[in-house]
Ligand code: HEM
């Protein structure tokens, strides 16, 4: 050590270093950090969790809705709550988002957080945290996710279709769309596992089979199991109201588990885009491995979910912290 150098007692030096690292970590622009709200709103994550938990107990369809909400938010303009903005021509008004739900849960957490820590917690973070909690509440893995997302100020309906996926997509189209978001082929297989919970309207898969005048089934999509298609046809007769829904996972629809992949192996993927994961040589082996090993699915889910919820995030002084999730600040 040089002569005259000041010597800090070890514990003080370590504490100073910790404080500096902490302040630095919490102010890094362009990246998310764990416990971003530790100082500014310590109960933020708890409030979101309690809101998701209580709304899910009174309405079991909430976890599925929240999980789809984060996907549709993050794929368009990044994870910035652009999907929540109301208006004539915003993302929410696009038909591809017509059946996306869970907005009221986000708004209700936001109201409590605005009361406790005004202007601090972004709607974008609430969406990501709520989806994370929704998965755990129905039996999925507990994941720590970083926060610090800021809310976007742009939401345009015409941006939705070029960014979201459709069930009619070929595997190449799905791979390309995921890759344009920085997500891999493996992420596609893992994140599709979200279809282990939730429900779908008949119109999302009804074109995979036909019903003749005597109510007899004709399979259009031969990758669909005959008996399963027959059950679907009964749940979704031609006379069914457009509001009828069917569970995505016919076996354990209320549980986040690896049953989705086991369903794929028996040709019981609800959407054409689900079945494609088994038919395609590039993804079949992943499906088999995931069907055999729930731990592998849970670990991989954590990593892919982290990537999904980091897409195009706004941090630092980008965007804003909305006071209400439905509109940008005046
Ligand atoms: C890979 C391409 C994907 C396609 C083509 C697709 C398509 C769909 C469709 C058509 C529905 C039914 C909508 C309805 O009829 O109401 C649905 C539901 C759902 N999707 Fe996907 N999805 C995909 C990926 C994902 C991803 C990556 C996630 C989340 C990580 C996700 C989560 C969900 C959930 C949880 C539901 C149930 C929603 C509810 O219960 O309200 N999907 N998806």
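Each Cβ is built from the backbone N, Cα and C atoms, and glycine gets one as well.
Sequence-distant neighbours of residue 72 (active site, proton acceptor) (same chain, 6+ residues apart, CB-CB distance under 8 A): 83, 91, 96, 97, 100, 164. DSSP assigns residue 72 (active site, proton acceptor) to a helical segment in the three-state reduction. Look at TrEMBL and you will find 72 tagged as active site, proton acceptor.
Under the heading Ca(2+) 1 binding site, TrEMBL lists 73, 76, 78, 80, 82, 91. Under the three-state DSSP scheme, residue 80 (Ca(2+) 1 binding site) falls in the coil class.
In three-state terms derived from DSSP, residue 117 (disulfide bond) belongs to neither a helical nor a strand segment and is classed as coil. Its Cβ taken as reference, residue 117 (disulfide bond) is surrounded by 17 other Cβ atoms within 10 Å in the chains shown. Under the heading disulfide bond, TrEMBL lists 41-117 (among others).
Per TrEMBL, disulfide bond is recorded for 74-79 (among others). The local packing around residue 79 (disulfide bond), expressed as other Cβ atoms within 10 Å of its Cβ over all shown chains, amounts to 30.
Its Cβ placed at the centre, residue 325 (disulfide bond) has 23 other Cβ atoms within 10 Å. According to DSSP, residue 325 (disulfide bond) sits in a coil region rather than a helix or strand. According to TrEMBL, the disulfide bond annotation covers 123-325 (among others).
The disulfide bond annotation in TrEMBL covers 202-236 (among others). The Cβ of residue 202 (disulfide bond) has 19 neighbouring Cβ atoms from other residues within 10 Å, across all protein chains displayed.
For residue 68 (site 'Transition state stabilizer'), the same-chain residues that are 6 or more apart in sequence and have a Cβ closer than 8 Å to its Cβ are 100, 101, 102, 194, 198. Look at TrEMBL and you will find 68 tagged as site 'Transition state stabilizer'.
Only 80, 82, of the recorded positions 80, 82, 236, have a C-alpha within 10 angstroms of the C-alpha of residue 74 (disulfide bond).
Taking the mean position of the Cβ atoms of 73, 76, 78, 80, 82, 91 as the Ca(2+) 1 site, the remaining residues of that chain whose Cβ falls within 8 Å of it are 72, 74, 75, 77, 79, 81, 83, 152, 155, 312. Cα-Cα distances to residue 123 (disulfide bond) place 80, 82 within 10 Å, out of the binding-site residues 73, 76, 80, 82.
The recorded positions examined here are 74, 76, 236; by Cβ neighbour count within 10 Å, the least packed of them is 236. Between the C-alpha atoms of residue 79 (disulfide bond) and residue 325 (disulfide bond), the distance comes to 13 Å. Of all the recorded positions in the list 82, 202, 325, the shortest Cα-Cα distance to residue 41 (disulfide bond) is found for 325. Cα spacing between residue 80 (Ca(2+) 1 binding site) and residue 117 (disulfide bond): 19 Å, rounded to the nearest whole number.
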